[in-house]
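Chemist: The following feature annotations were taken from TrEMBL:
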{"type": "ACT_SITE", "residues": "GLU1252", "note": "active site, proton acceptor"}
{"type": "BINDING", "residues": "CYS55", "note": "[2Fe-2S] cluster 1 binding site"}
{"type": "BINDING", "residues": "CYS95, CYS98, CYS130, CYS132", "note": "[2Fe-2S] cluster 2 binding site"}
{"type": "BINDING", "residues": "ILE234, VAL235, MET236, GLY237, ASN238, THR239, SER240, VAL241, ASP338, LEU382, ARG400", "note": "FAD binding site"}
{"type": "BINDING", "residues": "GLN758, PHE789, ARG903, ALA1070", "note": "Mo-molybdopterin binding site"}
{"type": "BINDING", "residues": "PHE905", "note": "substrate binding site"}
{"type": "DOMAIN", "residues": "206-392", "note": "domain 'FAD-binding PCMH-type'"}
Amino acid sequence: MEFALGGWSHVIREENVSPSFKGKNKLEETVLESELGDLVCMQSLTLQHYPANACLLPICSLHGAAVTTVEGVGSTKARIHPVQERVAKCHGTQCGFCTPGMVMSIYTLLRNHPEPTLDQLTDALGGNLCRCTGYRPIIDACKTFCKTSGCCQSKENGVCCLDQGINELPEFEEGNKTSPKLFSEEEFLPLDPTQELIFPPELMIMAEKQPQRTRVFLTLKELLEAKENPQAPIVMGNTSVGPEVRFKGAFHPVIISLNECIEELSVVNHADDGLTLGAGLSLAQVKEILAEVIQKLPEEKTQTYHALLKHLGTLAGCQIRNMASLGGHIVSRHLDSDLNPLLAVGNCTLNLLSKEGERQIPLNEQFLTKCPSADLKPGEILVSVNIPYSRKWEFVSAFRQAQRQQNALAIVNSGMRVFFGEGGGIIRELSIAYGGVGPTTICAKNSCQKLIGRPWNEEMLDAACRLILDEVSLPGWAPGGKVEFKRTLLISFFFKFYLKVSQILKTMVNGTDRVLAFPVLGVLVMPKVEYESALEDLHSRNHWGTSKYQDVDPKQLPQDPIGRPIMHLSGIKHTTGEAIYCDDMPVLDGELFLAFVTSSRAHAEIVSIDLSEALSLPGVVDIVTEEDLRGVNSFCLLIEPEKLLETQEVSCVGQLVCAVVADSEVQAKQAAKKVKIVYQDLEPVILTIEEAIRHHSFFQGERKLEYGNVDEAFKVVDQILEGEIHMGGQEHFYMETQSMLAVPKGEDQEMDVYVSSQFPKYIQDIVAATLKVPANKIMCHVKRVGGAFGGKVTKTGIMAAITAFAANKHGRPVRCILERGEDMLITGGRHPYLGKYKAGFMNDGRILALDVEHYCNGGSTLDESLFVLETGVLKVDNAYKFPNLRCQGWACKTNLPSNTALRGFGFPQSGLITENCITEVAAKCGLSPEKVRMMNMYKEIDQTPYKQEIDATNLIQCWKECMAMSSYSLRKVAVEKFNSENYWKKKGLAMVPLKFPVGFGSTAACQAAALVHIYLDGSVLVTHGGIEMGQGVHTKMIQVASRELRMPMSNVHLRGTSTETVPNANVSGASLVADLNGLAVKDACQTLLKRLEPIISKNPKGTWKDWAQAAYDESISLSATGYFRGYETHMNWETGEGHPFEYFVFGAACSEVEIDCLTGAHKNIRTDIVMDIGHSINPALDVGQIEGAFIQGMGLYTIEELKYSPQGVLYTRGPDQYKIPAVSDVPTELHVSFLPPSQNSNTLYSSKGLGEPGVFLGCSVFFAIHDAVRAARQERGLLGPLKLDSPLTPEKIRMACEDKFTKMIPRDEPGSYVPWNIPV
């Protein structure tokens, strides 16, 4: 086979290539850099560009194609491409690990559409994920390629962004000069399509001549001959078979991969009765074909095509749609297939072919359930699909609801069709099919049969709902859970269909009200304005956003970079794929790979472990067990020691049992599956917080903070409210999974450990302890980390120690890279919380007493749970002055993987509990939550519950600025008006304040060091103890050195972080990395400058090269260490007093949402954020931190949902099951402004740390949804307490918007079944 990579031809002549062999394996050095590439294929001698996933592409499918990876697009060695430049200069990279994929998606789009629309850009990025940036700067980079008017093209409130009024963004007062731009478009390279890579001429000639080649099928006859092996699947895009092989262990000895589409499989035939589409057409091609057909044919003929097109817009991402075939999608018959329900109700037929001849079968329920008489026979292939035209008086609709708007499998989907014959509103034909509610697509055949002959009216609707619920029954234990939600969606979808058809019919029948009323179960006639909203889907419009920051002082020197929006210094390397991460390091001679074997039981004794079969496999070198680690199998980082491997008694699913060491990754992982472990289950198995409370299963004692006299205050208040809220956990979902490489140096027991970690000192310590050598023999190196968020500390150290042990034992390098599923299973995440509160308040909303209890689910070992709990207790007040406060907290010990630090470290949970209490108090008082928040806020100089002084002036200023910037009052009126006019859609508006204390709680934990060298050519090398994990700390450190040494940033270099250069560095976290290390770098630079003052004064016009040489000649050291001893912080838990934080970050966020009361879907319309960040060192990086944290917080509070089985098994182990926000989830408008700096402090240039505070502001979306749900309930007469837990998923939104549909569904008695999943 022959293909091109980066413009160069490659020929592969291997006779026995494994069916699992992917492009990523063969093209290791290039494709590995990017999971996405641009695949250029010849089709009918025309060029087509497709974005593709390298991890799914079989190598044999590349024959005749030209593959371009991010390295082929551009590089710093040759030239960078405009896409790469703009993503970097628009600040669209942070950790950079996802950036090559973003670049390739945009690049491929531009190859096909040099001037794309905003919709095309959003769609192109729909299959990409980013955990750092919040997407807004990436969207900004994309927009520079579009021809737009400068308008956001959004009228969410009926007002254009360029109009004055609701959407206007006012300037700050008192002439503070602000800058709205973080980049200059004038500097960008132009996009010139004539300069792109050409399709290799030799491949073009090959395509024209079409030579016969082995394994390349050019005719249908040859394909049928190959299909004589009936078990061999035919693969085109490999999007179904590929994941099954990779993630589910499926094995196919023979795979038939069609690298070229056979003519009969790509047919598009327009007949009198419908459209015939070849089974080999990709879903993207089908989408384009249907869009063209809809434009040409009358609407009455294209009902099915409209419905299919709607689902094709959200089905997966464009990378998958470009590779997945129509036939593959149909034949796979996945239970949540979006297209099969529509094709089934649309009376489609399948054209089959075998050596025996042609055959046609209907795509019906029998086919979908794989009934032998209605399925493909051995040796048959699906050639094409007939999709009939719709008829007059026939209507087809598509419905789906997923956890996320785009690129997410449907929870429930549906296709519905009704035919009325010659009008009159009498049902002649009715077909309803559902996906997601059974093992395959389910057709409500009996229900439809019983409804034929009935008029399309209220009685029919009521009967249909009951029939559907009776026929499409879901047991309480059904896989996937969400059973009551799914039952409700079954009839909510039908109600939407009923309304849609009714509306069309009324128009067609010229207002025959006799035939069609528009009832809503119990109401005779629904006004048009009320039912109309139910028919509109919630689509995010084109995104736009603004950022405002303060210009630098005009007196500041032009070369001084502090305060300027400097691009991330690795930004270009991120976009070109040249940035090196741990797994990018070249394979070393003799290198081995390590894979872990983990426990499959939550609480059990290990009776026996049989390693024999695993050890007998080829390539397996060793299996490391607890026995090997005798005497070094535990290490204490914080309070309690934790075991490295456990072969006696396991306490969670995912606990490390042993580790397989083999010659390759594939061999190690195959052997790991062959380790046989016999368990004896133990009791109790404690998984939930409630179970831990019942069993009194806690780590250590409680943490308690008390201020004032709570009990006495409760005696004088007007009202007392008690409530609780449960908050689920969160997965870190850093893009780069846990990665490490241990390299023995061959002498003196030295070892280098390259690891993706936030805490090199800990890696050094635990590896040294495990190998029984002094720490000075172990050097830990971290160039950069592809995201961490707190998740690359404790478990990383344990895995690094085991990897290093194996390397030391065998004297060979050992690499360990976790797969996403392994990573999520082993490492834990944010602590689930249960908050209970009792509030005493006056009728005017003043809260005089608050008694709160925090319970966090710590998992099976202590890890950082106690510190997370302490932080939550200390920050329970958020922005409010509660004169009498008591907060107690317990860390629950359960049989789950240990939860650990995650961005925000306890405050996102603690703050939500407090804000929920505020919201309930407001409801009790009949006041808006915003009024109650303002009433109870800190005012100017005050005292926190732990007796630390606080100046809240900037808190109040942030609140006022956010009120003004968001046009809160005007929009509140607009929201209320919308809600009064729309029954099935509701909007919500909420605003929350932020007081985020910053500090580690001890002086020692805040110390930092740096090392600065000046070389004789005048260049400078900076090293410090902080880790670059996307926040741009290295960029800021170079800015600091540039200012202090008064030299250009281009003169300063920073190679990475190593225990070899800066020893004993603290963990990088708590928003303090730039603060602390910057002060150390500043100290080192000032030391050097002081030494060099006499030299510089003698030659003030000299260059740094001159000064360095002169200093050297006079024997003056050109190297200096810098040191910062730490902020003076402390906390005494015995007295409940202290000064645990150095300063406070203040802020406020206002968010507006719209919800669909029938499905639970929500759309983020707009968010305005105002932050007090002091004096920004780099506004571009700081805006990125705020936006990225906000989007991560929005995910935490709305869509990110961890699911555990009743046996403690984590179900959500990958992007398929666990959904982080995608580009379509970003608020349509996102505005960020910095409060003008008003206070100087002893921090680095009076700046503030911003990595974590913005996470909490994501709860403004939670409370906006809360506001919308409350509006829906009030309209339905539901005036009682509203309890909504986090995350506020579509399921919770829909079930809270109670109506006759939610009351109609059957309910299962608790205890009568074992649920599929449990809230922990």
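Every residue number used here counts from 1 along the chain in the order it is shown.
Every residue gets a Cβ built from N, Cα and C, even glycine.
Could you tell me the structural context for the features on the list?
Modeler: Long-range neighbours of GLU1252 (active site, proton acceptor) (same chain, six or more residues apart, CB within less than 8 Å of its CB): ARG903, GLY904, PHE905, PHE907, PHE996, ALA1070, SER1071, ALA1189.
SER240 (FAD binding site): 21 other CB atoms within 10 A of its CB, across all protein chains.
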Chemist: What other residues of this chain sit with their CB within 8 A of the center of the CB atoms of CYS95, CYS98, CYS130, CYS132, the recorded [2Fe-2S] cluster 2 site?
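Modeler: Surrounding the site, in chain order, are THR93, GLN94, GLY96, PHE97, THR99, ARG131, THR133, MET735, GLY786, GLY787, GLY1030, GLY1188.
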Chemist: In sequence order, which same-chain residues at least six apart have a C-beta under 8 angstroms from GLN758 (Mo-molybdopterin binding site)?
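Modeler: VAL785, ALA788, GLY790, LYS792, VAL793, THR796, ILE1027, MET1029, VAL1067, SER1068, GLY1069 - these are the non-local Cβ neighbours of GLN758 (Mo-molybdopterin binding site), listed in sequence order.
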Chemist: Can you tell which of CYS130, ALA1070 has the most other C-beta atoms within 10 Å, given these are the binding-site residues?
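Modeler: Result of the Cβ crowding comparison: CYS130.
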Chemist: List the Cα distance (Å, whole number) between CYS98 ([2Fe-2S] cluster 2 binding site) and ASN238 (FAD binding site).
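Modeler: Cα of CYS98 ([2Fe-2S] cluster 2 binding site) to Cα of ASN238 (FAD binding site) measures 22 Å after rounding.
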Chemist: Report the nearest neighbour of MET236 (FAD binding site) in space among the binding-site residues CYS55, CYS95, CYS130, CYS132, comparing Cα positions.
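Modeler: Minimum Cα distance from MET236 (FAD binding site) across CYS55, CYS95, CYS130, CYS132 lands on CYS55.
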Chemist: SER240 (FAD binding site): which of the binding-site residues CYS55, CYS95, CYS132 is the nearest Cα neighbour?
Modeler: CYS55
Chemist: What is the nearest of the binding-site residues CYS55, CYS95, CYS130, CYS132, PHE789 to ARG400 (FAD binding site), using the Cα of each?
Modeler: CYS130
Chemist: Count, for each of the binding-site residues PHE789, PHE905, the other C-beta atoms lying within 10 angstroms of its own C-beta, and report the residue with the smallest count.
Modeler: PHE905
Chemist: Taking the Cβ of CYS98 ([2Fe-2S] cluster 2 binding site) as the centre, count every other Cβ atom within 10 Å, in any protein chain shown.
Modeler: 25
Chemist: Rounded to the nearest angstrom, how far is the Cα of CYS55 ([2Fe-2S] cluster 1 binding site) from the Cα of ASP338 (FAD binding site)?
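Modeler: A Cα-Cα distance of 24 Å.
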